[in-house]
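What follows is a short report on a single structure.
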Amino acid sequence: NQPGPPGPPGPPGSAGEPGPGGRPGFPGTPGMQGPQGERGLPGEXGERGLPGPPGPQGESRTGPPGSTGSRGPPGPPGRPGDSGIR
């Protein structure tokens, strides 16, 4: 008795299950800095200050006495005397 011929090949197998997901990617680089903001508005004006205190009272001082005046010029010559003869 001889063995018969081999049978036909079987059907292909079913698709396998999907593999596990990959690892998460690296974090991205930070973005560039934004442009500079606009200049702010000027501040409001301050209030006017209070008036200052009054100044100290001045001192009254008497001046020194004046210097002695210079000597006056000599007087005019006297009148001539009466003659004793009458």
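Cβ from N, Cα, C; glycine included.
Checked against Swiss-Prot, the residues P12, P20 yield a single entry marked hydroxyproline: P12. When P42, P56 are compared in Swiss-Prot, the hydroxyproline annotation sits on P42.
Residue-level annotations in Swiss-Prot identify, among P35, P80, P80 as hydroxyproline. Counting every protein chain shown, the Cβ of P74 (hydroxyproline) has 6 other Cβ atoms within 10 Å. Among the modified residues P24, P42, P54, P77, none has a Cα sitting within 10 Å of the Cα of P9 (hydroxyproline).
Here the compositional bias 'Gly residues' (16-25) is broken down by DSSP into helix, strand and coil counts: 0 helix, 0 strand, 10 coil.
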